[in-house]
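Only one structure is covered here, and it is reproduced in the block below.
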């Protein structure tokens with residue numbers, strides 16, 4: 001029988017027992033399916049052309065708080081407390097310094113909640129918990145605080161292109177603030193979106209977008225018929241179904257923990273260890289594919305997530321998509337994998353930390369990512385290893401890739417080899433992220449004799465790494481890459497791209513294009 005331990009509603013306990021899943025997980029999935037139906041209703045009956053923005057804000061907020069209460073019980077009050085105090089800080093402190101105070105408070109409040117949940121109540125449990133939504137709310141609180149600071153205090157010439165386009169020029173009302181943080185479309189699983197995108201959607205201006213024309217130029221298409229998200233939603237729901245099926249049938253038979261099984265370590269050959277490491281981590285990903293794709297489909301069903309038209313005139317519903325599965329599984333570099341994983345979190349890390357750091361942006365961003373994820377030691381081991389793997393992969397790529405561009409057969413061989421190395425390196429890096437605790441993580445790494453750590457250090461010692469051009473060069477590279485397609489495997493950010501388990505994805509070129517068109 002599934003566990004009955006939950007802080008939320010026990011109404012679905014019979015269903016939990018029937019499917020042999022924890023009640024928290026059942027509550028989460030059912031609430032997300034309810035949110036999907038609510039999103040369809042919201043788009044049909046509370047469309048911006050039929051009702052006011054005020055009503056849309058109120059309904060989105062109340063539905064979101066109801067879902068939070070159903071899933072987490074009184075713990076959902078943390079969402080209101082964190083949002084409410086942050087709003088008071090913005091009003092009282094003022095636009096000059098509020099971003100700093102909001103950042104410290106929101107991240108500190110999240111950390112306190114994570115510490116109490118992990119070390120007092122529920123260590124090692126992966127069931128739905130209230131700190132998950134708080135992680136998204138923390139992103140929204142800090143992002144908006146910086147965007148208001150940029151828009152109402154800093155001069156335009158001091159801002160980068162993306163900061164200028166995302167800048168908020170007026171203080172949100174309390175209702176707008178709560179709606180942004182706690183709306184039913186994103187309160188349970190996100191993803192993060194910019195405040196300007198959300199308000200544009202609520203006010204019904206999101207369809208006055210652009211179409212990619214020749215030479216990458218954007219053309220205003222404000223008179224086009226409002227596109228339907230139905231096809232995009234159906235496609236994403238199919239991905240959700242396949243991911244859930246894979247998780248329930250295959251993932252449970254290939255546990256990551258088996259990599260540290262004593263009998264397996266003693267008897268398995270090295271090829272077997274490498275293959276099982278890759279397959280077990282591959283099997284661990286569908287649950288993320290399911291949760292993030294379903295969250296994206298919910299937003300699309302409500303009419304949120306439209307990103308304009310491609311060069312063929314087809315509507316694109318990937319404004320707030322959080323991953324690209326094909327690119328993840330076919331990645332031929334560490335950067336390519338990370339550029340397509342947890343995309344919105346990567347953008348948040350870049351916007352609030354990497355672009356603003358006065359020194360060591362990579363290290364500061366790593367520290368922020370580690371703190372935000374939580375307090376399990378395995379997270380920190382993964383991020384430390386990820387930084388080493390990223391730097392080593394960059395050094396290898398800079399020193400050797402140009403030898404394998406031509407002929408095509410040599411390039412194919414290079415791609416196959418780099419795909420194998422990338423998948424093994426990613427799997428090796430994220431094992432502690434799954435195991436969580438320090439002892440099993442070190443048990444795994446010691447069973448591999450810390451081989452990839454040693455190899456990464458040797459690469460950095462033996463091969464030079466080209467110096468970065470600084471953040472100014474970074475922004476120039478971003479501007480030059482605006483005409484590149486969104487679906488290309490790797491996006492340009494010079495050589496300053498930060499990589500942890502949850503990448504710093506380089507999408508400023510699209511944000512800039514999108515908001516520039518909106519401002520017109």
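Every residue gets a Cβ built from N, Cα and C, even glycine.
Record note: among 412-435, 484-507, 412-435 is the stretch given as transmembrane segment by TrEMBL. Packing against the transmembrane segment (370-391) from elsewhere in the chain are residues 107, 110-111, 114-115, 118-119, 131, 135, 138-139, 334-335, 338, 362-363, 425, 428-438, 441, 445, 452-453, 456-457, 460, 465, 498-502: each is 6 or more residues past its ends and has a CB under 8 Å from a CB in it. Long-range neighbours of the transmembrane segment (26-46) within the same chain, counting only residues 6 or more positions beyond its ends whose Cβ lies under 8 Å from a Cβ of the stretch, are 2, 6, 8-9, 12, 15-16, 19, 55-56, 59-60, 63, 67, 70-71, 128, 184-185, 188-189, 229, 294-295, 297-303.
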